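Visitor: Sharing a structure with you now.
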Amino acid sequence: MTTPSTIDTARALLADASHIEVFTGAGMSADSGIATYRDAQTGLWENVDPQDMASIDAWHDDPDTMFAWYLWRAHLARQAEPNAGHVAIARCPKTTVTTQNIDNLHERAGSKEVVHLHGSLFEFRCSLCDEAFGEPIALPTAPVEAITPPSCPVCGGPVRPGVVWFGEALPQDEWNEAERRMSTADALVIVGTSGVVYPAAGLPLMAHAREIPIIEVTPMRTELSHLADVVIEDTAANALPSLLG
Ligand SMILES: NC(=O)c1ccc[n+]([C@@H]2O[C@H](COP(=O)([O-])OP(=O)(O)OC[C@H]3O[C@@H](n4cnc5c(N)ncnc54)[C@H](O)[C@@H]3O)[C@@H](O)[C@H]2O)c1
Ligand SMILES: [Zn+2]
């Protein structure tokens, strides 16, 4: 349980900040009904380790199965609504967002300056020549075992989801902007990330080195909790409206 005084202490730490960077992970969207990484085994993919669906090797082995899985996740994300936490962040004029999430719920809540470290479920590109694929892709409304990806109009290669898989580099521009914000923000709010996926999980360390106030919102302590001045042990939808409102 978060006592009012925990929130009050955190609010006081944010009071003088004119730029608050909010760093989010899958737990940010849990209150919108989107499974966090560890809980992502649903339906058809009950026995699939989500990590097996997040590597370039798996894509080479079986693109049709992986494409179907990502399109299904895009469908689930499109069906979901931003929660009160996303809305509180978007309404607070002091915030910008760096997210590991690929569900676009921050934008849909109204946040404008969102850095996407791990890409988006709604962007596609060629897996051979990297050309962005702009044609509409129909999303399945029920889980399907396999969907053949469309072919790239430039080189004929298979089109892939525009997300970052394990072993792949993060998009350079997004990474640079995330680093810039960690080196300039007046305060950092960390929400719903276990802090185990690198290099993203290293970003809060940069803010910590500058000794700016750090608040964490998470129902359970994480690998990043030791960096925080205040840990609000609550969900994003519960805590953020009172923290940022
Ligand atoms: N929504 C999405 O876009 C989505 C979904 C699944 C996975 N991913 C990917 O998963 C990777 C894993 O890292 P991660 O740290 O983001 O996720 P993670 O699943 O490793 O950690 C989620 C964290 O959120 C916390 N949490 C759970 N419910 C919460 C709630 N209601 N409010 C606040 N916090 C809550 C958990 O205790 C945990 O610490 C990321 O690379 C991300 O790209 C994204
Ligand atoms: Zn191509």
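The backbone N, Cα and C atoms fix where each Cβ goes, glycine too.
Positions annotated as active site, proton acceptor by TrEMBL: H118. Annotation source TrEMBL lists substrate binding site at Y70, R73. The NAD(+) binding site feature in TrEMBL is assigned to Q100, N101, I102, D103, G192, T193, S194, A236. Annotation source TrEMBL lists Zn(2+) binding site at C126, C129, C152, C155. Marked as domain 'Deacetylase sirtuin-type' by TrEMBL: 1-245.
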Visitor: Under DSSP, is S194 (NAD(+) binding site) helix, strand or coil?
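Guide: Coil, per DSSP.
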Visitor: Give the distance between the Cα atoms of C152 (Zn(2+) binding site) and N101 (NAD(+) binding site), rounded to the nearest whole Å.
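Guide: Counting only the Cα atoms, the answer is 26 Å.
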Visitor: Just to verify a number: CA distance, Q100 (NAD(+) binding site) to H118 (active site, proton acceptor), in angstrom, no decimals.
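Guide: Given the Cα positions, Q100 (NAD(+) binding site) is 5 Å from H118 (active site, proton acceptor).
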Visitor: Please work out which residue of I102, C126, C129, C152, C155 has the most C-beta neighbours within 10 angstroms of its C-beta, and give that one of the binding-site residues.
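Guide: Compared across I102, C126, C129, C152, C155, the most Cβ atoms within 10 Å surround I102.
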Visitor: Given the recorded positions R73, H118, C126, C129, which one's Cα is the least distant from that of N101 (NAD(+) binding site)?
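Guide: Closest by Cα distance to N101 (NAD(+) binding site) among the recorded positions R73, H118, C126, C129: H118.
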Visitor: Report the nearest neighbour of C155 (Zn(2+) binding site) in space among the recorded positions Y70, D103, H118, A236, comparing Cα positions.
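Guide: Checking each of Y70, D103, H118, A236 against C155 (Zn(2+) binding site), the shortest Cα distance is to Y70.
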Visitor: Do any residues at least six apart in sequence from A236 (NAD(+) binding site), in the same chain, have a Cβ closer than 8 Å to its Cβ, and if so which, in order?
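Guide: Long-range Cβ contacts: T24, G27, M28, A30, D31, N83, G85, H86, V191, G192, V217.
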Visitor: Roughly how many Å separate the Cα of I102 (NAD(+) binding site) from that of R73 (substrate binding site), to the nearest whole number?
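Guide: Per the Cα atoms, I102 (NAD(+) binding site) and R73 (substrate binding site) stand 10 Å apart.
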Visitor: Should we count any of the binding-site residues Q100, C126, C152 as near ligand 2, judged by a CB under 6 A from one of its atoms, and which?
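Guide: List returned for ligand 2: C126, C152.
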Visitor: When you measure from each Cβ to the nearest atom of ligand 1, which of the binding-site residues Y70, R73, N101, C129, C152 fall under 6 angstroms?
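Guide: So the answer is N101.
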